[in-house]
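Enquirer: One structure coming up, written as C-alpha cells, with questions to follow.
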C-alpha cells in the first residue's frame, strides 16, 4: 500500500470513530456520561489517533513525546513525567494524548503542529502524516469534532507502554461500558437513526480498518446500540472456513469476497432485545428471532464444540444459574448488561445444540425462552475481524502473558474479582464459533510471534507415522511428536493422546484430511524443546576423546548473537528453552509497527516468523538477509536508507511458489516460483536452521492464504550432487562415479597463503600522536522552545580512532570524546532534518547524536569517510590482526579436503585450496567454540600451513568433525588426534577473527554495532 493510501486510511478510520462518538452525544445531550479508560468507544478512537501521530516517526521507541514537550505547558509535563506506572517515552506519548482529550485541547496542539513544520521535520520523515499539509489540515478538522465530547481518562495506566487503549482482559468486571451507562432513551426505537452512518457500506469500510495494525475492536455489533449485520457474509465466511483451516480471508481468492450488498439482511440486536423484554409472547418477536441463522454458523465443529461446552460449563456455576433464572422470568438482557457481556457466559450451548430433537411446533413460550438463550450466546458479534486476522488486542494479550499455560486449566475467577482473567480455552471477547487455533496459540517468549502451538496435535499424527514424500527420513511426521517424546516418553504405541476437549487452546474445528504431500516437514525433535540446534543423525564414532568432546560441545550455547540481542530485548525476558533457533528474530511492537507500515502489502496481514539468513555465501559474497514469513507472503528484506530502514528486495506470494529445493546437506534452500521465472537461493549454513525454515514456511502456508496442494519440498539435490562430483573428479583426477562426498558445508576459511606472508601489522593502530583528521566544524548546541536551532563553532580532532570535540583550536580539555571503534559509536550518516546544509550525524549509543556541519559538500564527504574508516578499523581488535576469512564451501571426500567457491547460476566450482586427509596430523578445537585448526604433516610433498575453519555453530562443527574423523580413521584405522588450544595469544586471535566475522555480518545491515539497546532498524 502506498504511503498516501495509508494516510488516507488512517484519517478515514479517525472519521468513523469521531462520527460514532458524536452520534451518542448528539442523542443524549447533557445526559451523556463521560468516556473512561475501559470504554470500547475510546478504544478505536485512541488507536487511530495514536497511529496518526506515530506514522512517519524517525524513532518509534520514543514516540511523539519528544515532540509534544515543545508545545506542552510545564506543569502538564511534570504531571506526566511523575506517573508511576508509565515507564517509557512511548507510554508518556499516549498519556499526553489522554491528557489532551481530557482537556479538549488536542485541536489546539495540532494547530501548533501546523505552525511549526520545521520542528516536525526533525522528528518525522518527509512523508509522515503530520508533515503533509493536506492530511494535517484534515486531521485537525476531524479532531475539532471532539470538542464537546467529555473524557475522564486516567493517565497513570501501565498498559500505555504497550498499547494506546486498555486490553480486554485488563478491564474491570464490575464497571459498565459506555453504552451500558447511556440513558435509557438512547436504547429506544431511534437506535437505527443514531447509527445510520454505520450502514452495510460503512461496515465494509470498517473491516478494512487499519493499514498500520489490526483493529483492536471485535466489532461494533458487540455494543448495546448495534449496526447492521450481513447474514450472507456470515454464510460466505462459514463456507470459507470449511476450506481454510483458519477462516482467514484470502486476498488472492477474490471469488470468496464477492457478496452483493443487496443480499445482506440487517438484524439489529437492540430492537430484538427490547421487543422480547417488553412482549415476550408476541408472535412477531418469535418470528424475528427464528430468522437468526445461528445453526448455519454452528455447524462447523459442532460435536466437539458441544463436548467442550459440557466440560467447561461446571467452571461457571454462578453465572449459569443467574442466567437460567433470568431466562425463566423473561427479562434478562437489559436488566443485567454486565452479565450479558461476560465472556464466561459464552460457554453455554446454543438452543440448536441442546435441543436438536425438539419439534418445530413447540410452544411459543418455550421457543421464546430458547431463542433468548440463543441471543445471549453468540452476542451477535461482527466476525469480519476474526476472519481477517488477529486484532492488536490479542497481540497485547500474548505480550502480557495472559495465555500462560499455568492458567489454561485453572478455574474461573469469582465474579467479585476486579480484573478479568481470560477464561480457559478461549480468548477474551471471542465468540464461540470462532477458530480457537487463532485464539490460543502457544505460550511465547517476550515479544515473540509463533505459528505452531507446541501442544497441538495434528490429524493422524503419531510417533510411528511414515514420513511424507517431501520429508527427510529423520524428521518426525507429527507436529507434536517432539513434545510428546519429551513429555510422554513412557506412552506406548497403542495409547491415545489426550482428548481434544481436554486440551484448552486446541483447534475445535474438525480439520480436513490432507494429502500426503501436504504433510508438514518439521524440525528435528530437539529444537522444539531446546535452544541448541541439533545436527542430523550420523554414524556414531568410536568411544574416545572425540566423542567426549562433541558431547561437551553440544551442551554449550551457540556463540552466534541471539535474537534477543538483535532486538534490544534482554535474554532474561524470554524463556531460552522455547527458542527454536538463535537465528529467529523476536519482533517487538515497534518493529511490528514498522513492518506493517513499510512492508506488509495486505490489510490485517499477520506476522508468523522473522528469521536471519544470508545470501551469496557459496560465492564468497556474504550478505545478510531477513526472511519475513506472514500469512500471505515471504518477504526478503535488505538494509534500506535512513527514512526507510529496510528494503523489500522481493515479496513472494505463497500462491506463486511452485516448489522448494533443499541444497546439499541442507546448507541452502531455494524458493522456485511457478514456471521457474523467479528463483531465490537462501543460505542457512546450518541443518537445524534449514529445518526450522522449512517447518515455518509450511506452517505459514497451511495457516495462511495458500490452499492445498502445497508446494513440494525436494531434498535430493540431484543437480548439485552431479556438479560437485564432476568438480571433485577433476581435482582428484578420477571418474565422477567413483566420487563419494562425506561432508558439504558453508564455512569461513582463513586463507593460509595470507598467513604465510608473515604477520601483518595492525593497520588500525597508527603511531602515537598521529593526527588522522582535524578542522573547524559547527555543531548543534541546542534547540529553542519553538524549534529554532542554535549552532556553535568547534574544533574537531580524529586521532587514534577517537573523536575529540574542543570549543576552540587552543583549548586543551575537550567537550566530548568518542571512541569510534567501540560500543560507544554506531557510525555516521547524513542529516536531512536540520536547517544547515552539509550536516551529518555521529551516532552515539548512550546519548543523542552529535550533529556536525561542514562548510562544503566536499569537506563533509571527507569527514564522513574518515569517520567511517575509524569505525570499521576499530572493530578489528588491537594486537595481532586476524587474517581475512573467506566465506566459501568446504567439501570432504574419501581422501581429500577442498575449499571452493560455487557459482549458483552455472554450478561452476572454483578451487581455493586442496589437502589430502592423509596429510592431516591433528585437529585442535576449543570447548564451546565453532572453529577448529587442521595441522598438516611437514613431511608431505605438499607443504601446507595450518587451516583455520570457522563454522556457523557448534552443531555444524560436530558434523564436520564426525565426517573428518571417519575419513581419517578409514585411512589409518585409528582415531584422529584431538588437541585443545592452550596458547592465549593464538586463542585470542581466533576469538577476534570470529567476532570480526560476526560484526561484518551485522555491519552489512547496521545491526547491533555499538547500540545493543537501540532499535536495530534505525
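Positions of Cβ are set from backbone N, Cα and C atoms, glycine also.
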Enquirer: Tell me which residue from 423, 558, 575, 940 Swiss-Prot records as phosphoserine.
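Expert: So the answer, going by Swiss-Prot, is 423.
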Enquirer: Please find, within the list 555-583, 584-612, the residue stretch that Swiss-Prot describes as region 'Disordered'.
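Expert: In Swiss-Prot, the region 'Disordered' feature sits at 555-583.
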Enquirer: Identify the region 'Disordered' range according to Swiss-Prot, selecting from 373-406, 407-440.
Expert: 407-440
Enquirer: Using DSSP, break the domain 'PH' (770-872) down into helix, strand and coil residues and give each count.
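Expert: The counts are 16 helix, 49 strand, 38 coil.
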